[in-house]
Amino acid sequence: MLEEVSSNGLNTHMICENIKIFINILREQQDTAFPRLSNSAWKREELLLSLLVGCSVWLLRVWLQKVVFSKVFQKYSIRVRRKLSENLYYSITYCLSFACGLITLTLEDWRLDLCGPLLVELWSPYPPPLSTFFRSYYVVELGYYLGSLVFLLLADTKHSDFLEFCIHHVATILLVYISYSFRYVRIGLVILVLHDASDILLYSTKCVYYMGFRPLDSIMFTIFAMIFYFTRLFVFPRIIWGVAVDVIRLILRDHSFSGFANNWPVHFSHYFICLVALSTLELLHCFWFSLILKMIGRVIFTSFEKLREEGDIRSDDEDSEQ
């Protein structure tokens, strides 16, 4: 019995010693030329500018909804007018975001080959060169999502998936911040463009629905469902696989393929945080696609008149109160 206890104590001591050795190795390998976890690449003026963008987004939305959209949608009821204003605002902002993302992607000298065995373009060279337009795009995106999160918490229509939307916005802000801080910007750019593509159609379809344009709303919803599936349940998992697996295969194959491979122990912590946030987003995508499938089922098995009466499958607070 005493031998077993002493053996367990010896094994625990050896594990602790190995952990200490591993930590010392990480410290020795850390290259000061690359960003540390506690040393973000965000400049103070960039963060301040993002906060300014967030405040501007807030003020712009309030002005549009209170002044512009209230006059444009004057013939509708207050409830429908509020929903139209909200969805039209998001349609416009996601269109602008998608356009800026495509322009940024076009100006870059690399192209992502999703059919290739390894997504080398996302990691090499590391850190990648950043143009002024690329930096500005990231600053605006961070500010936009900060403003959107505040508006979601305080002013947006509270749907049944309110908690999921909050988690989505927090995960997105975390990804934007970390990906810029540690120069995973190529991954961030691709993901932002993918998400904007389906968001445009989501909010545009809602606008068409509340304005009563039939059957255009059903056609747009069908296109939205297909784009959502392709971008978020087909392409996006490939990106996650590239982050989770491809980079490790690249490191094992060639330790000198990029700065990330040469210093991978340094980047492992924030790389892991990004991977968790990406996986969280994918789980949310699966949840929302289940709602889309329920909506499609209602279209197929329920009369159109009843569908129009029930509206959005994500009931809001006003609907539940009634």
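The first residue you see is number 1, and the count goes up from there.
Including glycine, each Cβ sits where the backbone N, Cα and C put it.
For 79-301, the entry in TrEMBL reads domain 'TLC'.
Distant neighbours of the transmembrane segment (47-68): 82, 85-86, 89, 93, 139-140, 142-144, 146-148, 150-151; these residues of the same chain sit at least 6 beyond its ends, with a Cβ under 8 Å from one of its Cβ atoms. The annotation transmembrane segment is assigned in TrEMBL to 47-68 (among others).
Positions annotated as transmembrane segment by TrEMBL: 88-107 (among others).
With a threshold of 8 Å between CB atoms, the same-chain residues lying at least 6 positions outside the transmembrane segment (136-155) that come near it are 46, 49-58, 61, 93, 97, 100-101, 104, 162, 165-166, 169-170, 172-173, 176-177, 180, 185, 188-189, 192. Feature annotation from TrEMBL assigns transmembrane segment to 136-155 (among others).
If you look up TrEMBL, you'll see 162-180 (among others) marked as transmembrane segment.
The annotation transmembrane segment is assigned in TrEMBL to 216-235 (among others). Same-chain neighbours of the transmembrane segment (216-235): 114, 194-195, 197-198, 201-202, 204-205, 208-209, 282, 285-286, 288-289, 292, 295-296, 299, counting only residues six or more beyond its ends whose CB sits under 8 Å from a CB of the stretch.
The transmembrane segment annotation in TrEMBL covers 268-293 (among others).
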